[in-house]
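Pulled from TrEMBL:
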type	residues	note
DOMAIN	44-238	domain 'TLC'
TRANSMEM	51-73	transmembrane segment
TRANSMEM	124-150	transmembrane segment
TRANSMEM	171-190	transmembrane segment
TRANSMEM	210-230	transmembrane segment
């Protein structure tokens, strides 16, 4: 790591592209794993399963990495603007590479229109993270933002269970409660802490207007999705029928959007 960090800092853009290629290779390798039959029978579900498999790898990796950064260097929690460590800088670089790869996967496979929310989120994250990598500012803030990946693990598991038609399983039942806890503890809390920090130090921070705008847009998105999760998992309005082949009678994309 001692030799790697200076190289990454000298060429952050190229480093991000290199990481994105590694995640693309991971995407290819994961295709060799077994896939539920119901997933293979539907083109959209098949693509979504592959996409989520890579996302799960990223979430597990960065969730553990972000928490480790803060445990090892708790100063990251106090100085979101200037303080960072080699471990935290590499984390942001790796995560940026994933978002570049995922955005490319969505666009190149023709799912941009149906996944515009993800593309909007990815575009804001990539811009903010690239800013931190080139300026070496707000690295700690990016690490805090990556706390949301703890919740992303349960979110991805939830969607993969839905893809497999396992909404009635015990695992889905347990996961929906764990998902709510992690959503509040790691996604909402991290996002609101970043919002508080930006508003409290607005006049002292560079490009604070853009960052605050980005944070507010993300706040709206995560609150809307939080409402959708509550409505779908805890207050369903009606029972959807699933055919014998496991394919939802309504459009698959709408079914998996909640």
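Indices start at 1 and increase along the chain as displayed.
The backbone N, Cα and C atoms fix where each Cβ goes, and this holds for glycine too.
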Residues from the same chain, set at least six apart from the ends of the transmembrane segment (124-150), whose C-beta lies under 8 A from its own: 9, 12-13, 15-16, 58-59, 62-63, 65-67, 69-70, 75-77, 79-84, 88-89, 91-93, 95-96, 99-100, 103, 182, 185-187, 189-191, 193-194, 197, 206-207, 211, 214, 217-218
Close approaches to the transmembrane segment (171-190) from elsewhere in its chain (Cβ under 8 angstroms; 6 or more beyond its ends): 144-145, 147-151, 153-155, 157-158, 161-162, 222, 226, 229-230, 233-234
The domain 'TLC' (44-238) [mean pLDDT, rounded to integer]: 95
